[in-house]
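According to TrEMBL, the protein has these features:
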type	residues	note
COMPBIAS	560-570	compositional bias 'Basic and acidic residues'
COMPBIAS	627-644	compositional bias 'Pro residues'
DOMAIN	2-89	domain 'Ig-like'
DOMAIN	101-184	domain 'Ig-like'
DOMAIN	192-279	domain 'Ig-like'
DOMAIN	289-383	domain 'Fibronectin type-III'
DOMAIN	384-480	domain 'Fibronectin type-III'
REGION	540-651	region 'Disordered'
Amino acid sequence: MSDFHIHPQNAVVEEGGVARFQCQIHGLPEPVILWHKNSMPVNTDNERYTLLPKGVLQITGLRAEDSGIFHCVATNIANVKFSREARLTVSGSHSTVYKDPMILVGPENLTLTVHQTAVLECIATGNPRPIVSWSRLDGRPIGVEGIQVLGTGNLMISDLTVQHSGIYVCAANKPGTRVRRTAQGSLVVQAPAEFVQHPQSISRPVGTTAIFTCVAQGEPPPQITWLRNGQILETSDHIKLKNNNSTLSIYGINQTDEAIYQCLAENSAGSTQASARLTVLWADGLPSPPQAVRAETVSATTIQVSWEKPLQNTKEIIGYVLHIRKAADPVEMEYQEAVSKSTFQQLVTDLEPSTSYSFYIKAYTSRGASKASEVTVVSTLGEVPAMPSLFIKVINSTAVQATWEPSIKLGQHEGFKLYYRKVHLAQYTGPVLLASNVTAYNITHLDASVVYEVKLLAYNQHGDGDSTVRFVSLRETVERTVLNPPCDCMKDEQSNKTSTTGIIIGIHIGVTCIIFCILFLMFGYRGRLLMCKNVQEQLSTPQIPRSQRSTAGLVLNGAARRDRDDRDLNGKQLDMNELERLFPASPSQEQQDKGMTPAHSPPAPHDDTQISTLPLDEFSIMEEQPEPFPKAPRGGSPPAPAPGHGPANEG
């Protein structure tokens, strides 16, 4: 054991409060810490005394008899050590003054491994005594399995798992209120590395590929390292590590690759290792490697590979395998082509232009493969660009426009070359060199009477590509121009504007005339209707002398008509004047009117008026007045006519 690096300290606490002592020491094996008070072991049966596994002593609800001298004793099989002493003094009497909840000691940040025990400490004071509760900051439940509360608020979690990792919150609540204080601590549970899949021992023939897989898990995730016969494995062209070192691949194995391969997985919580053996099968009498391997470039996408048969053990050969790979690619990108035993050359196609490729050959028998031949590296030729798409558009009788589309099918190209000529001539005009980003070019000053040939091609550092040829004639354009002369657009536009203006003005005039006609018909109809109404009323009104019209009312047949005419007397005078102006009376009628005297007679029992329709020049007004038939009074003579009244004259 080492010496104590934390000793208990003196404390003075009020009665009813909380006292805490702590001591820490390291040893192997881990020492057990016990507490003594006044040189006697502390009574752990007292509920107010709580001993935590990490050397902490808590005393709650302090009393006067708790005062004394405390020290801790650390014991393991190697030694026993005593800490320094600390004095606890309990002062005063229990106070009833209210105190807010307060957390004296909160949980520490802990990093432990699985299956260990975590103790999260939480000591709270206050008056009244606060209630301590625990929760997780992420909201997940703490659970109940392996969970225990020590003392008044310490949380102990036994048999830790990775799922216990998280941030734990200690809350001190005042009873019956929402007043609370909180403290939090982080718990990290680590898991040592362990294998999910172990590497397996394998046996492989010479020239084949061996693959070992080693998968491990842990918290934090473990790192995987490979060893070969106890030494760190160095990667090379034929030894590759993939998938975070979980997969070891050995390509083209030979006898020197036979060994024990170890997989070491380790993290901060621990490490583990597993091993597997690679056995290389080598049969006697296998062919020797093929000889004189050569590769020749045929085109930008084709290489021809040739070789000679092995020098030894050729009778059992059943075929050859050609191994092909881009020189810049890793070994695992290699692919193979099988060749019959009687063939000593192979045309490799569908390659990329201007690219280096590596080739080697193996001879195969029913018992295994030979060693690999020497590797040869050769590059394909550069490729010229493909033919561009060309379109010709006639601009006018002396110019055309050549356009083309950029395309990835052209490949790498530096630019374009444009040629054109008259078809009856052998010499081209050009080339016109155009940049790779140009897609159109205008050809001017052409002769409209001949046909032209236009040629376009793309070029790069490897040469000119195939050309695209188009023919164009400007004669049809000239003929269309003669048959369909161009219009004077400005003149036509002005004519269209003038015609439109005239149409609008004509429409306005027509609408105005229609409105005037409608108004004329309406007013004419209204006047005629008023005239006919007055004539009808006049025909039903008895004639009186003109001299009496201003002072006497018109007497009509019937009491109802008399009342209505009395109300409209003034208006009727105007209507009669208008009627006289329209229909003047005859002289005989005027003379008769002059000699007529007004007469009033008793109302007749019946009033019949006849209206005749006559031409205007023969129009006259007639009035019939039947003789009255007065009733004779009972027993009396007929009444005498009123003075000044006589029978009405007929007109």
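Note: Cβ is positioned from N, Cα and C throughout, glycine not excepted.
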Query = So what's the average pLDDT for the domain 'Ig-like' (192-279)?
reply = 91
Query = According to DSSP, how is the domain 'Ig-like' (101-184) divided among helix, strand and coil residues?
reply = 3 helix, 44 strand, 37 coil
Message = DSSP-wise, what's the residue breakdown of the domain 'Fibronectin type-III' (289-383) into helix, strand and coil?
response = 3 helix, 47 strand, 45 coil
